[in-house]
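Quick notes on the structure that follows.
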Amino acid sequence: MVKETTYYDVLGVKPNATQEELKKAYRKLALKYHPDKNPNEGEKFKQISQAYEVLSDAKKRELYDKGGEQAIKEGGAGGGFGSPMDIFDMFFGGGRMQRERRGKNVVHQLSVTLEDLYNGATRKLALQKNVICDKCEGRGGKKGAVECCPNCRGTGMQIRIHQIGPGMVQQIQSVCMECQGHGERISPKDRCKSCNGRKIVREKKILEVHIDKGMKDGQKITFHGEGDQEPGLEPGDIIIVLDQKDHAVFTRRGEDLFMCMDIQLVEALCGFQKPISTLDNRTIVITSHPGQIVKHGDIKCVLNEGMPIYRRPYEKGRLIIEFKVNFPENGFLSPDKLSLLEKLLPERKEVEETDEMDQVELVDFDPNQERRRHYNGEAYEDDEHHPRGGVQCQTS
(Lines of atoms letter the chains of each structure in order from A; the text may use other names.)
(Lines give C-alpha, C1' and ligand atoms only; values in the text may rest on other atoms or scores of the structure.)
Protein backbone atom coordinates (compact mmCIF):
# COMPACT_ATOMS: atom_id res chain seq x y z
CA MET A 1 0.00 0.00 0.00
CA VAL A 2 1.51 3.32 -1.04
CA LYS A 3 1.26 6.44 1.12
CA GLU A 4 0.17 8.69 -1.76
CA THR A 5 -0.38 8.33 -5.50
CA THR A 6 0.28 11.87 -6.81
CA TYR A 7 3.29 10.93 -8.96
CA TYR A 8 1.48 7.88 -10.32
CA ASP A 9 -1.56 10.05 -11.13
CA VAL A 10 0.62 12.60 -12.96
CA LEU A 11 1.88 9.83 -15.27
CA GLY A 12 -1.55 8.21 -15.49
CA VAL A 13 -0.41 4.78 -14.24
CA LYS A 14 -1.31 2.49 -11.35
CA PRO A 15 0.95 2.18 -8.28
CA ASN A 16 1.96 -1.33 -9.39
CA ALA A 17 3.05 -0.14 -12.85
CA THR A 18 6.11 -1.83 -14.36
CA GLN A 19 9.17 0.09 -15.58
CA GLU A 20 8.02 -0.44 -19.18
CA GLU A 21 4.62 1.08 -18.38
CA LEU A 22 6.32 4.04 -16.67
CA LYS A 23 8.57 4.61 -19.69
CA LYS A 24 5.67 4.49 -22.12
CA ALA A 25 3.61 6.91 -20.01
CA TYR A 26 6.51 9.36 -19.65
CA ARG A 27 7.33 9.18 -23.34
CA LYS A 28 3.79 10.10 -24.41
CA LEU A 29 3.34 12.88 -21.86
CA ALA A 30 6.82 14.39 -22.29
CA LEU A 31 6.36 14.66 -26.04
CA LYS A 32 2.87 16.12 -25.61
CA TYR A 33 3.80 18.77 -23.02
CA HIS A 34 7.35 19.60 -24.15
CA PRO A 35 7.89 23.41 -24.09
CA ASP A 36 8.68 23.39 -27.82
CA LYS A 37 5.15 22.13 -28.53
CA ASN A 38 3.30 23.65 -25.56
CA PRO A 39 5.10 26.80 -24.34
CA ASN A 40 2.35 27.43 -21.76
CA GLU A 41 2.65 23.99 -20.14
CA GLY A 42 6.06 24.43 -18.52
CA GLU A 43 4.77 23.55 -15.04
CA LYS A 44 3.02 20.42 -16.31
CA PHE A 45 6.22 19.32 -18.09
CA LYS A 46 8.14 19.85 -14.86
CA GLN A 47 5.66 17.72 -12.86
CA ILE A 48 5.86 14.91 -15.42
CA SER A 49 9.67 14.96 -15.29
CA GLN A 50 9.78 14.95 -11.48
CA ALA A 51 7.31 12.06 -11.27
CA TYR A 52 9.30 9.98 -13.76
CA GLU A 53 12.63 10.84 -12.11
CA VAL A 54 11.37 9.43 -8.80
CA LEU A 55 9.41 6.42 -10.03
CA SER A 56 12.06 5.24 -12.51
CA ASP A 57 14.62 4.99 -9.68
CA ALA A 58 14.02 1.87 -7.54
CA LYS A 59 15.33 3.44 -4.30
CA LYS A 60 13.48 6.73 -4.76
CA ARG A 61 10.30 4.88 -5.68
CA GLU A 62 10.48 2.74 -2.55
CA LEU A 63 11.03 5.85 -0.44
CA TYR A 64 8.12 7.64 -2.13
CA ASP A 65 5.78 4.67 -1.68
CA LYS A 66 6.54 4.63 2.05
CA GLY A 67 6.74 8.35 2.84
CA GLY A 68 5.27 10.25 -0.09
CA GLU A 69 6.61 13.42 -1.69
CA GLN A 70 7.73 14.80 1.67
CA ALA A 71 10.19 11.92 2.08
CA ILE A 72 11.72 12.74 -1.32
CA LYS A 73 12.01 16.46 -0.52
CA GLU A 74 13.74 15.68 2.77
CA GLY A 75 16.52 14.11 0.73
CA GLY A 76 16.31 10.51 1.81
CA ALA A 77 17.37 9.28 -1.65
CA GLY A 78 19.70 11.96 -2.84
CA GLY A 79 17.19 14.81 -2.49
CA GLY A 80 16.21 17.45 -5.01
CA PHE A 81 15.25 17.09 -8.66
CA GLY A 82 17.21 17.22 -11.90
CA SER A 83 16.48 19.56 -14.78
CA PRO A 84 13.35 18.49 -16.74
CA MET A 85 15.23 19.08 -20.00
CA ASP A 86 18.17 16.93 -18.84
CA ILE A 87 15.76 14.09 -18.04
CA PHE A 88 14.14 14.49 -21.46
CA ASP A 89 17.53 14.48 -23.22
CA MET A 90 18.73 11.41 -21.32
CA PHE A 91 15.52 9.57 -22.22
CA PHE A 92 15.52 10.46 -25.93
CA GLY A 93 19.27 10.72 -26.43
CA GLY A 94 21.57 13.73 -26.22
CA GLY A 95 22.68 15.81 -23.27
CA ARG A 96 23.97 19.17 -22.16
CA MET A 97 27.46 18.90 -23.63
CA GLN A 98 25.96 17.69 -26.87
CA ARG A 99 23.55 20.64 -26.96
CA GLU A 100 26.45 23.07 -26.58
CA ARG A 101 28.10 21.71 -29.75
CA ARG A 102 25.01 20.89 -31.77
CA GLY A 103 21.60 22.28 -32.58
CA LYS A 104 18.54 20.98 -30.77
CA ASN A 105 17.22 17.52 -31.53
CA VAL A 106 13.64 17.34 -32.77
CA VAL A 107 11.56 14.46 -31.36
CA HIS A 108 8.37 13.28 -33.08
CA GLN A 109 6.02 10.45 -32.12
CA LEU A 110 4.78 8.23 -34.96
CA SER A 111 1.65 6.14 -34.43
CA VAL A 112 1.98 2.62 -35.90
CA THR A 113 -0.11 -0.56 -35.91
CA LEU A 114 1.02 -4.01 -34.84
CA GLU A 115 0.71 -4.97 -38.52
CA ASP A 116 3.26 -2.25 -39.39
CA LEU A 117 5.74 -3.68 -36.88
CA TYR A 118 5.10 -7.24 -38.13
CA ASN A 119 5.32 -6.62 -41.88
CA GLY A 120 7.46 -3.50 -42.01
CA ALA A 121 6.17 -0.25 -43.49
CA THR A 122 7.21 3.07 -44.99
CA ARG A 123 5.65 6.33 -43.85
CA LYS A 124 6.10 9.89 -45.04
CA LEU A 125 6.23 12.42 -42.24
CA ALA A 126 5.86 16.17 -42.82
CA LEU A 127 7.39 18.41 -40.15
CA GLN A 128 8.75 21.90 -39.54
CA LYS A 129 12.37 22.58 -38.57
CA ASN A 130 14.78 25.50 -38.20
CA VAL A 131 17.31 26.00 -41.01
CA ILE A 132 19.98 28.66 -41.47
CA CYS A 133 18.65 31.56 -43.55
CA ASP A 134 20.15 31.31 -47.03
CA LYS A 135 19.47 35.00 -47.81
CA CYS A 136 21.92 36.27 -45.18
CA GLU A 137 23.87 32.99 -44.80
CA GLY A 138 23.08 32.94 -41.10
CA ARG A 139 24.51 36.40 -40.31
CA GLY A 140 21.17 38.02 -39.55
CA GLY A 141 21.89 41.06 -41.70
CA LYS A 142 24.08 42.62 -44.37
CA LYS A 143 27.79 41.88 -44.45
CA GLY A 144 29.58 44.13 -41.98
CA ALA A 145 26.31 45.22 -40.36
CA VAL A 146 26.57 42.77 -37.47
CA GLU A 147 28.64 44.12 -34.60
CA CYS A 148 29.62 42.84 -31.18
CA CYS A 149 27.20 44.01 -28.49
CA PRO A 150 29.03 46.73 -26.49
CA ASN A 151 26.80 46.17 -23.47
CA CYS A 152 27.86 42.55 -22.80
CA ARG A 153 31.00 42.49 -24.98
CA GLY A 154 29.68 39.58 -27.00
CA THR A 155 28.99 37.23 -24.09
CA GLY A 156 25.22 37.59 -24.21
CA MET A 157 25.17 37.90 -20.42
CA GLN A 158 25.26 40.83 -18.00
CA ILE A 159 26.83 40.66 -14.56
CA ARG A 160 25.62 43.02 -11.86
CA ILE A 161 27.13 43.45 -8.42
CA HIS A 162 24.57 43.87 -5.67
CA GLN A 163 25.61 44.87 -2.13
CA ILE A 164 23.62 42.91 0.42
CA GLY A 165 25.41 44.12 3.56
CA PRO A 166 28.57 45.74 4.92
CA GLY A 167 31.47 44.10 3.11
CA MET A 168 29.11 41.61 1.43
CA VAL A 169 28.23 41.65 -2.25
CA GLN A 170 26.24 39.36 -4.50
CA GLN A 171 27.05 38.72 -8.16
CA ILE A 172 23.94 38.41 -10.33
CA GLN A 173 24.11 37.10 -13.90
CA SER A 174 21.27 37.76 -16.34
CA VAL A 175 20.59 37.77 -20.08
CA CYS A 176 21.74 40.96 -21.79
CA MET A 177 18.65 43.01 -22.59
CA GLU A 178 20.45 44.94 -25.32
CA CYS A 179 21.08 41.94 -27.59
CA GLN A 180 18.63 39.44 -26.02
CA GLY A 181 21.53 37.10 -25.20
CA HIS A 182 22.88 36.82 -28.76
CA GLY A 183 26.08 38.80 -28.09
CA GLU A 184 25.57 40.69 -31.34
CA ARG A 185 23.70 43.77 -32.40
CA ILE A 186 22.18 44.59 -35.78
CA SER A 187 20.69 47.90 -36.76
CA PRO A 188 16.99 47.49 -37.67
CA LYS A 189 17.57 48.93 -41.13
CA ASP A 190 20.33 46.39 -41.84
CA ARG A 191 18.44 43.30 -40.64
CA CYS A 192 17.76 40.50 -43.09
CA LYS A 193 14.21 40.84 -44.41
CA SER A 194 13.84 37.07 -44.75
CA CYS A 195 14.68 36.05 -41.16
CA ASN A 196 14.28 39.47 -39.45
CA GLY A 197 17.75 39.14 -37.94
CA ARG A 198 17.08 35.76 -36.29
CA LYS A 199 19.55 33.99 -38.65
CA ILE A 200 17.21 31.02 -39.03
CA VAL A 201 13.89 30.38 -40.77
CA ARG A 202 11.26 27.64 -40.51
CA GLU A 203 11.20 25.10 -43.31
CA LYS A 204 8.92 22.18 -44.15
CA LYS A 205 10.67 18.83 -44.36
CA ILE A 206 9.29 15.53 -45.71
CA LEU A 207 10.94 12.48 -44.17
CA GLU A 208 10.55 8.92 -45.44
CA VAL A 209 10.46 6.71 -42.34
CA HIS A 210 11.28 3.03 -42.87
CA ILE A 211 9.79 0.78 -40.17
CA ASP A 212 11.68 -2.51 -40.19
CA LYS A 213 10.07 -5.86 -39.37
CA GLY A 214 10.25 -6.63 -35.67
CA MET A 215 10.70 -3.06 -34.43
CA LYS A 216 9.14 -2.41 -31.03
CA ASP A 217 6.85 0.08 -29.36
CA GLY A 218 8.98 3.02 -28.19
CA GLN A 219 11.88 2.22 -30.52
CA LYS A 220 13.69 5.27 -31.91
CA ILE A 221 14.57 5.90 -35.56
CA THR A 222 17.22 8.63 -35.82
CA PHE A 223 17.85 10.89 -38.81
CA HIS A 224 21.31 12.24 -38.04
CA GLY A 225 21.92 15.89 -38.86
CA GLU A 226 18.32 16.48 -39.97
CA GLY A 227 17.29 18.41 -36.86
CA ASP A 228 17.24 22.13 -36.11
CA GLN A 229 20.14 24.19 -37.45
CA GLU A 230 21.82 27.05 -35.61
CA PRO A 231 24.73 29.26 -36.76
CA GLY A 232 28.07 27.92 -35.52
CA LEU A 233 26.62 24.58 -34.42
CA GLU A 234 26.27 21.18 -36.01
CA PRO A 235 22.66 20.37 -36.91
CA GLY A 236 20.78 18.28 -34.37
CA ASP A 237 18.99 15.00 -35.11
CA ILE A 238 15.38 14.21 -35.87
CA ILE A 239 14.29 11.34 -33.62
CA ILE A 240 11.15 9.38 -34.52
CA VAL A 241 9.63 7.43 -31.62
CA LEU A 242 7.29 4.57 -32.57
CA ASP A 243 4.00 4.44 -30.67
CA GLN A 244 2.13 1.18 -31.22
CA LYS A 245 -1.67 1.18 -31.14
CA ASP A 246 -3.47 -1.58 -29.24
CA HIS A 247 -4.58 -4.53 -31.39
CA ALA A 248 -8.05 -6.07 -31.18
CA VAL A 249 -6.77 -9.69 -31.07
CA PHE A 250 -3.05 -9.87 -30.33
CA THR A 251 -0.90 -8.49 -27.54
CA ARG A 252 2.85 -8.33 -28.05
CA ARG A 253 5.16 -9.67 -25.35
CA GLY A 254 8.72 -9.26 -26.55
CA GLU A 255 9.05 -11.50 -29.61
CA ASP A 256 5.87 -13.44 -28.77
CA LEU A 257 2.26 -12.74 -29.67
CA PHE A 258 -0.43 -13.51 -27.09
CA MET A 259 -4.15 -14.06 -27.68
CA CYS A 260 -7.19 -15.56 -25.96
CA MET A 261 -9.36 -18.14 -27.71
CA ASP A 262 -12.91 -19.04 -26.67
CA ILE A 263 -13.97 -22.66 -27.20
CA GLN A 264 -17.13 -24.57 -26.29
CA LEU A 265 -17.20 -27.46 -23.83
CA VAL A 266 -17.77 -29.96 -26.64
CA GLU A 267 -14.64 -28.62 -28.39
CA ALA A 268 -12.61 -28.84 -25.19
CA LEU A 269 -13.57 -32.51 -24.80
CA CYS A 270 -13.90 -33.74 -28.38
CA GLY A 271 -11.38 -31.65 -30.31
CA PHE A 272 -11.73 -28.71 -32.68
CA GLN A 273 -10.27 -26.78 -35.58
CA LYS A 274 -10.06 -22.98 -35.32
CA PRO A 275 -8.85 -20.59 -38.05
CA ILE A 276 -6.72 -17.58 -37.06
CA SER A 277 -6.01 -14.61 -39.32
CA THR A 278 -2.36 -13.64 -38.93
CA LEU A 279 -0.88 -10.15 -39.10
CA ASP A 280 0.41 -10.80 -42.63
CA ASN A 281 -3.06 -11.84 -43.90
CA ARG A 282 -2.47 -15.60 -43.85
CA THR A 283 -4.89 -18.04 -42.24
CA ILE A 284 -3.53 -20.73 -39.95
CA VAL A 285 -5.70 -23.50 -38.50
CA ILE A 286 -5.30 -24.52 -34.86
CA THR A 287 -6.18 -28.20 -34.38
CA SER A 288 -6.91 -30.10 -31.18
CA HIS A 289 -7.50 -33.81 -31.82
CA PRO A 290 -10.29 -35.83 -30.15
CA GLY A 291 -9.11 -37.08 -26.80
CA GLN A 292 -6.74 -34.13 -26.26
CA ILE A 293 -8.60 -32.42 -23.42
CA VAL A 294 -8.20 -28.63 -23.27
CA LYS A 295 -8.95 -27.23 -19.82
CA HIS A 296 -10.13 -23.71 -19.02
CA GLY A 297 -7.03 -21.51 -18.60
CA ASP A 298 -4.71 -23.87 -20.48
CA ILE A 299 -1.91 -22.07 -22.32
CA LYS A 300 -0.45 -23.57 -25.48
CA CYS A 301 1.74 -22.13 -28.23
CA VAL A 302 2.53 -22.36 -31.94
CA LEU A 303 6.23 -22.05 -32.70
CA ASN A 304 7.47 -19.56 -35.30
CA GLU A 305 4.13 -17.72 -35.56
CA GLY A 306 5.01 -14.79 -33.28
CA MET A 307 6.67 -11.47 -34.13
CA PRO A 308 9.60 -11.35 -36.56
CA ILE A 309 12.87 -10.79 -34.71
CA TYR A 310 14.36 -7.37 -35.45
CA ARG A 311 17.15 -7.61 -38.05
CA ARG A 312 16.50 -11.38 -38.25
CA PRO A 313 13.07 -11.22 -39.94
CA TYR A 314 13.04 -14.87 -41.02
CA GLU A 315 13.06 -15.91 -37.36
CA LYS A 316 9.91 -15.46 -35.32
CA GLY A 317 8.75 -15.82 -31.76
CA ARG A 318 5.80 -17.89 -30.55
CA LEU A 319 2.05 -17.45 -30.86
CA ILE A 320 0.80 -18.05 -27.32
CA ILE A 321 -2.88 -18.97 -26.88
CA GLU A 322 -4.82 -18.99 -23.61
CA PHE A 323 -8.03 -21.01 -23.83
CA LYS A 324 -11.32 -19.95 -22.27
CA VAL A 325 -13.83 -22.83 -22.11
CA ASN A 326 -17.47 -21.72 -22.33
CA PHE A 327 -19.82 -24.01 -20.40
CA PRO A 328 -23.48 -24.48 -21.46
CA GLU A 329 -26.33 -22.81 -19.59
CA ASN A 330 -28.30 -24.50 -16.80
CA GLY A 331 -30.87 -27.02 -18.00
CA PHE A 332 -29.33 -27.55 -21.44
CA LEU A 333 -29.88 -31.33 -21.06
CA SER A 334 -33.00 -33.22 -20.13
CA PRO A 335 -32.67 -35.53 -17.06
CA ASP A 336 -32.47 -38.69 -19.18
CA LYS A 337 -29.73 -37.26 -21.41
CA LEU A 338 -27.91 -35.99 -18.32
CA SER A 339 -27.86 -39.56 -16.96
CA LEU A 340 -26.46 -40.76 -20.28
CA LEU A 341 -23.75 -38.06 -20.18
CA GLU A 342 -22.82 -39.09 -16.64
CA LYS A 343 -22.23 -42.65 -17.82
CA LEU A 344 -19.88 -41.40 -20.55
CA LEU A 345 -17.79 -39.20 -18.24
CA PRO A 346 -15.27 -40.41 -15.63
CA GLU A 347 -17.00 -41.61 -12.48
CA ARG A 348 -17.54 -38.98 -9.80
CA LYS A 349 -16.68 -39.58 -6.17
CA GLU A 350 -19.68 -40.08 -3.89
CA VAL A 351 -19.68 -38.55 -0.40
CA GLU A 352 -20.88 -40.66 2.52
CA GLU A 353 -23.02 -38.35 4.64
CA THR A 354 -22.92 -38.55 8.43
CA ASP A 355 -25.02 -36.94 11.15
CA GLU A 356 -22.23 -34.43 11.85
CA MET A 357 -22.49 -32.99 8.35
CA ASP A 358 -24.71 -30.02 7.46
CA GLN A 359 -26.27 -29.59 4.05
CA VAL A 360 -25.74 -26.15 2.45
CA GLU A 361 -26.80 -24.67 -0.88
CA LEU A 362 -24.67 -22.87 -3.46
CA VAL A 363 -25.91 -19.48 -4.70
CA ASP A 364 -24.49 -17.08 -7.27
CA PHE A 365 -21.75 -14.86 -5.86
CA ASP A 366 -22.60 -11.14 -5.52
CA PRO A 367 -19.45 -9.01 -4.95
CA ASN A 368 -21.60 -6.14 -3.61
CA GLN A 369 -23.32 -8.23 -0.96
CA GLU A 370 -20.58 -7.86 1.66
CA ARG A 371 -20.37 -4.10 1.00
CA ARG A 372 -24.10 -3.68 1.59
CA ARG A 373 -23.92 -5.75 4.77
CA HIS A 374 -21.01 -3.64 6.04
CA TYR A 375 -22.92 -0.43 5.27
CA ASN A 376 -26.07 -1.66 7.00
CA GLY A 377 -24.03 -2.71 10.02
CA GLU A 378 -22.56 0.78 10.33
CA ALA A 379 -26.05 2.25 10.03
CA TYR A 380 -27.30 0.05 12.89
CA GLU A 381 -24.36 1.07 15.08
CA ASP A 382 -25.05 4.72 14.29
CA ASP A 383 -28.68 4.28 15.33
CA GLU A 384 -27.61 2.86 18.69
CA HIS A 385 -25.51 5.93 19.52
CA HIS A 386 -27.75 8.53 17.83
CA PRO A 387 -31.44 7.52 18.15
CA ARG A 388 -33.63 9.10 15.52
CA GLY A 389 -37.24 10.18 15.89
CA GLY A 390 -39.86 8.16 14.06
CA VAL A 391 -41.64 9.49 11.01
CA GLN A 392 -44.84 11.28 12.02
CA CYS A 393 -47.95 11.36 9.86
CA GLN A 394 -49.38 14.77 9.09
CA THR A 395 -52.72 15.38 10.85
CA SER A 396 -55.30 17.88 9.84
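Quick reminder: no glycine exception, Cβ is built from N, Cα and C everywhere.
Listed in Swiss-Prot:
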DOMAIN    6-68  domain 'J'
MOD_RES   K66  N6-acetyllysine
MOD_RES   S83  phosphoserine
ZN_FING   120-204  zinc finger
BINDING   C133, C136, C192, C195  Zn(2+) 1 binding site
REPEAT    133-140  repeat 'CXXCXGXG motif'
BINDING   C149, C152, C176, C179  Zn(2+) 2 binding site
REPEAT    149-156  repeat 'CXXCXGXG motif'
REPEAT    176-183  repeat 'CXXCXGXG motif'
REPEAT    192-199  repeat 'CXXCXGXG motif'
MOD_RES   S334  phosphoserine
REGION    351-396  region 'Disordered'
COMPBIAS  352-364  compositional bias 'Acidic residues'
MOD_RES   Y380  phosphotyrosine
MOD_RES   C393  cysteine methyl ester
LIPID     C393  S-farnesyl cysteine
Per-residue pLDDT averaged over the zinc finger (120-204), given as an integer: 83
Cβ-centroid neighbourhood (8 Å) of the Zn(2+) 1 site, C133, C136, C192, C195 excluded: D134, K135, E137, G138, R139, G140, G141, R191, K193, S194, N196, G197, R198, K199, I200, V201
Check: same-chain CB within 8 A of Zn(2+) 2 site center, minus C149, C152, C176, C179: P150, N151, R153, G154, T155, G156, M157, Q158, M177, E178, Q180, G181, H182, G183, E184, R185
Site with most surrounding Cβ atoms, counting all protein chains shown within 10 Å, from the binding-site residues C133, C136, C176, C179, C195: C136
Close approaches to the repeat 'CXXCXGXG motif' (133-140) from elsewhere in its chain (Cβ under 8 angstroms; 6 or more beyond its ends): 146, 184, 186, 191-195, 197-201, 231
Helix, strand and coil totals (DSSP H, G, I; E, B; other) for the compositional bias 'Acidic residues' (352-364): 0 helix, 0 strand, 13 coil
Helix-strand-coil residue split for the domain 'J' (6-68), DSSP-based: 46 helix, 0 strand, 17 coil
